[in-house]
């Protein structure tokens, strides 16, 4: 699994895929869809498909694939390596959605919520397999939202394919379990090898689980929030946990035409351009470093 494209630019989305096994171009295939990283406040969300001929489904089951959440990291890596070895009948594809893409979609002028983004990404991967020539006959999907509504939507989009959407599908259908392993392996590697474009002081890569209720994750967020520019792009700033930390740790913006009122309390944004000493010296944000901007002595 080559994640070099994501490492070069982790601000948007990237798609990875295996070669299509020739047998999948001819024989009817079963395809599973699942994701990893939907809930965390840190890192990307990864959607995956895995497919094989219906005639080889027992061979896929023989690999002992299971819901990725029930497996250790080493077990997931071993099973993914086995699937790559069985490239003569197993194929897969991934969409890696960056934290920046997720948050900007959710907070845009036209709201694009996480469910809609998930549905569209899954639909896009099924269409990608069809465009690659995979002879898809059956699709099994781990649900997001109401399974009946989701299934009806997919069935309308792909009328010639038998679609099944279920809760806990990754524990019910081996082909969905295989997709969940692909997604989880990709997310784990993306998080482990994340390239921070921000020059963070004393970067701590022990993020905890990345979930919003993890105390270690919350401590990491508080440590690495910039009082003016907010969080690194590794953070989904649209999550409520991130927003709460911004509200408590970052500075309020005071515009020149705003009513001044009581001058005590949070500092003004202009204070970051002055030479007044700060209790905690810090390097200028990369926005200023990349543009060669320095603090002005006179405004």
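The backbone N, Cα and C atoms fix where each Cβ goes, and this holds for glycine too.
All TrEMBL annotations are machine predictions without curation.
The feature domain 'RNase H type-2' is assigned by TrEMBL to 28-251.
Remark: residue 142 (divalent metal cation binding site) has 33, 34, 35, 165, 166, 167, 168, 169, 170, 176, 180 as non-local neighbours, by Cβ distance under 8 Å and separation of at least 6 in sequence. Taken from TrEMBL, the feature divalent metal cation binding site applies to 34, 35, 142.
The feature region 'Disordered' is assigned by TrEMBL to 253-273.
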Cβ-based isolation winner (fewest other Cβ atoms within 10 Å) among the binding-site residues 34, 35:
35
Can you name every residue in this chain, apart from 34, 35, 142, with its Cβ inside 8 Å of the center of the Cβ atoms of the recorded divalent metal cation site?
33, 36, 47, 48, 122, 141, 144, 169, 170, 176, 179, 180, 183
